[in-house]
């Protein structure tokens, strides 16, 4: 009898929680709105192929509407901010530091649709995002000497990454790493320097083979992929057009040990097979499928995100994310968790 009473109470609790979550009059700062948002942000971060994880900044709007039978649709408009955690970093986004404004911050606006079945608790998520760096004018207005973002394929950025990685490999006797992705480059002043961030992967070849154009190196696949992430500053003492030779530099490379089964472990091969230059910001990705163009700059660039296969849903679902369900509602937008660009 006690077990039966406990089961009934549990059912009432679940039912009460669920009815709260699927009601249509949620305000942006309510707990239930935050739970839907967490689902959307987690999905976005798990399916980004390049760059950094993003953290919630503002819930701009939330609408929950009945859809078809046991389904409800949750429409979210979110403003996110770039963190300092690369997408391959297993650190939970809640523990990642949001990139501060003086370090040329980047924001991302996302339209998210969550299809939720109130009977089976299954869900399907769609997202459409575009990211934009803070303007150079804003950065310089608030901090005239702060470093400015450069395109990831800027020659000085690429040369600085190669210089630091070569120095890193020279110190290792049994391990050789290759650039997986250049994710950030910035020009610093007084003294003049280039700041870079890039991901590296251990490969199955020697240092000599690494520099042989006829030899193809591949990531190690034994149990774990040894992924690293480097932050480095190269102080330029030679003419700006020359490659680094004997420059002073500061670097910090950490090994992430991305284990098999991690949300991004299957993306490593995709990184290696593509150009190592990270796609930049400021283009739209619908359902996380978008071609990329590496000639763009930090201010006219784009995301390239993982393709998400059609999930368990048997009925027809909308392919787009309509604006007709995202009109402003009471209590929105919500509070700003960090800062506005």
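Just so it is clear, glycine is given a Cβ too, placed from its N, Cα and C backbone atoms.
Annotation source Swiss-Prot lists disulfide bond at 28-332, 85-96, 110-129, 143-146, 205-217, 230-253. Positions annotated as domain 'Cystatin fetuin-A-type 1' by Swiss-Prot: 22-130. Annotation source Swiss-Prot lists domain 'Cystatin fetuin-A-type 2' at 141-254, citing sequence analysis. Among the features that Swiss-Prot reports, N-linked glycosylation site is placed at 95, 204, 282, 293. The signal peptide annotation in Swiss-Prot covers 1-19.
This view paints the features noted in Swiss-Prot onto the structure.
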| residue | record | DSSP (3 states) |
| --- | --- | --- |
| 28 | disulfide bond | coil |
| 85 | disulfide bond | strand |
| 95 | N-linked glycosylation site | helix |
| 110 | disulfide bond | strand |
| 129 | disulfide bond | strand |
| 146 | disulfide bond | coil |
| 230 | disulfide bond | strand |
| 253 | disulfide bond | strand |
| 332 | disulfide bond | coil |
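Residue 146 (disulfide bond) has 85 as its nearest neighbour among the disulfide-bonded residues 28, 85, 110, 332, going by CA to CA distance. Ranking the recorded positions 28, 95, 96, 204, 332 by the distance of their Cα atoms from the Cα of residue 217 (disulfide bond) places 204 first. Put simply, of the disulfide-bonded residues 143, 205, 253, the one whose Cα is nearest the Cα of residue 96 (disulfide bond) is 253. A 10 Å radius around the C-alpha of residue 85 (disulfide bond) takes in these recorded positions out of 28, 95, 129, 204, 253, in sequence order: 95. Taking the Cα atom of each, residue 95 (N-linked glycosylation site) and residue 230 (disulfide bond) are about 19 angstrom apart.
Candidate disulfide-bonded residues: 205, 253, 332. Nearest to residue 143 (disulfide bond) by Cα distance: 253.
Residue 230 (disulfide bond) has a Cβ environment of 20 other Cβ atoms inside 10 Å. Residue 205 (disulfide bond) sits 20 Å from residue 253 (disulfide bond), taking the Cα positions as reference.
Counted over every protein chain shown, other Cβ atoms within 10 Å are most numerous around 204 among the glycosylation sites 95, 204. Across the structure, residue 28 (disulfide bond) and residue 110 (disulfide bond) place their CA atoms 15 angstrom apart. Reported as a whole number, the C-alpha separation between residue 129 (disulfide bond) and residue 204 (N-linked glycosylation site) equals 36 Å.
Closest in space to residue 110 (disulfide bond), of the recorded positions given as 204, 230, 253, is 230, taking the CA atom of each residue. Rounded to a whole number, the distance between the Cα atoms of residue 204 (N-linked glycosylation site) and residue 253 (disulfide bond) is 19 Å. Once Cβ contacts within 10 Å are tallied over all protein chains shown, the disulfide-bonded residues 85, 143, 146 are led by 85.
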